[in-house]
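Asker: What TrEMBL lists as domain 'Phosphofructokinase' is 69-311. The feature diphosphate binding site is assigned by TrEMBL to 77. What TrEMBL lists as Mg(2+) binding site is 171. Here TrEMBL flags 172 as site 'Important for catalytic activity and substrate specificity'. The site 'Important for catalytic activity' annotation in TrEMBL covers 198. As annotated by TrEMBL, substrate binding site applies to 199, 200, 201, 238, 239, 246, 247, 248, 307, 420, 421, 422, 423. What TrEMBL lists as active site, proton acceptor is 201.
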Ligand code: FBP
């Protein structure tokens, strides 16, 4: 593989490990655990993997380990650091026993079912150390949930004599990892399944998981771009930039970027939902900021919009809920229709209130809401052009206000969507270290006979030496939720908490950001230099762990 100079230098970076993982490792077990809610139902569904204790790795004594083979899968959207998780698994399994082998299943969970794999050798691994992307083995969104998929997987697992599979994924993929672990445990197959918390969205976090990997690098990359736009904006002073940010339902990415860059406006979906705001109220909030700045000669600014916003506007959220069930229940009779007929079909089948909401949406947005869900039943929010929708509506509002004498300025909007730009960035020092430690933990969970666990690393705002690595039973993070028209056990998604420190900090400062120009230009991620710059975590993590 041809490498850039930066990549060459960066490949020799040795990720720092917590003390507990630096040498031989001993397991310290905690008390038995419970699921976050719906305990009886979850226990019934996971009789073999429910209630297991939390695990922490502490320094121990050298021991001999039988040879074993391990498989690894990257699942879902790319997130910086995925390769380092695999490097961490590889190095640790080889350290435990040089005869151990690591297989990578190709293009996501589908690789396990379709028996597409490669053996990961040190040559391959060394090419990908500290790099972004998931291209070492590719990723995919195939959902592992059917028995025949588990059985197909078992065939290749047996053929390659694999003892354990590591699934590196988000909340849905880790839920599937748990289902798979339970299935193999119930059948006494002797196959362990371990999960690993990945997603740039930052919504896979709870008391046990401080952050999902990739959030740090992705938000720093977006913050660099937003800072550059802010500086351009403050130089030319003639545009309003509407920037939509990835993150699916949760607004963690938008909030983190706001804390790093101090834009004039940042909408937080969770607040919109809590305050029961309408689309019109959101538009008025932005238009008011535009008008106020215009009255003081500032016809420019920056607005951040989380990509999941539309789902959180209560009336649209109710509509999406009904559409999800409708689209899950109706198959070919809907899919085979043309655009017009699909619209008519939806309008005819929705309840009166939701049909009215659907009819009022701009056609493009209504269409995007009625497209196929992803394999986990989620609306593909990254396809909805919320940034355009909002700026069009703000413009219309300003035209009306101009007539009433409430706005006397210029409004020239520009649109951006940052998502794919950050998902494969070269991991920051934080993500490089965190991911490597997660990989080493996953290997240790396997070596210690665990299944149905997710690898974790805590105390991540302290120096790396003091990080605490271990594992959490996946059932501990589960509750029952409605998915594609059915109640299912799933890992609870973490949305932005309005009483949490990051949002409170934002709420304390945002009025000033709207009025004045308080932009901050974070600049690019730094790999070499003062630790205060290179090893700094996200503002979200700093504020949450204070
Ligand atoms: P994961 O939840 O799988 O980590 O993916 C996150 C994400 O990047 C979201 O922010 C975004 O909405 C989605 O993936 C886009 O999906 P796709 O990669 O299929 O376009």
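Cβ coordinates are placed from backbone N, Cα and C, and glycine is handled just like the others.
Any TrEMBL annotation is an automated prediction that lacks curation.
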Asker: Please report the Cα separation of residue 199 (substrate binding site) and residue 172 (site 'Important for catalytic activity and substrate specificity') in Å, rounded to an integer.
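Answerer: A Cα-Cα distance of 11 Å.
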Asker: Return the members of 171, 239, 247 (the binding-site residues) with CB less than 6 angstroms from at least one atom of ligand 1, or none.
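Answerer: If the test is a Cβ under 6 Å from any atom of ligand 1, the answer is 247.
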Asker: Tell me the Cβ neighbour count for residue 201 (substrate binding site), meaning other Cβ atoms within 10 Å of its Cβ, over all protein chains shown.
Answerer: 29
Asker: Roughly where does the domain 'Phosphofructokinase' (69-311) sit in mean pLDDT, to the nearest integer?
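Answerer: Summing pLDDT over the domain 'Phosphofructokinase' (69-311) and dividing by its length gives 97.
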Asker: Going by C-alpha distance, which of the recorded positions 172, 198, 307 is nearest to the residue listed as 'diphosphate binding site'?
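Answerer: It is 198, whose Cα lies nearest.
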Asker: Of 77, 247, which of the binding-site residues has the most Cβ neighbours inside 10 Å?
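Answerer: Ranked by Cβ atoms within 10 Å, first place goes to 247.
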Asker: Find the longest CA to CA distance in the recorded substrate-binding set 199, 200, 201, 238, 239, 246, 247, 248, 307, 420, 421, 422, 423; express it in Å as a whole number.
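Answerer: Taking every pair of listed residues, the largest Cα separation comes to 36 Å.
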Asker: Just to verify a number: CA distance, residue 423 (substrate binding site) to residue 198 (site 'Important for catalytic activity'), in angstrom, no decimals.
Answerer: 11
Asker: Could you work out which of the recorded positions (171, 172, 307, 421) has its C-beta surrounded by the smallest number of other C-beta atoms within 10 A?
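Answerer: If we count Cβ atoms within 10 Å for the recorded positions 171, 172, 307, 421, the smallest count is at 421.
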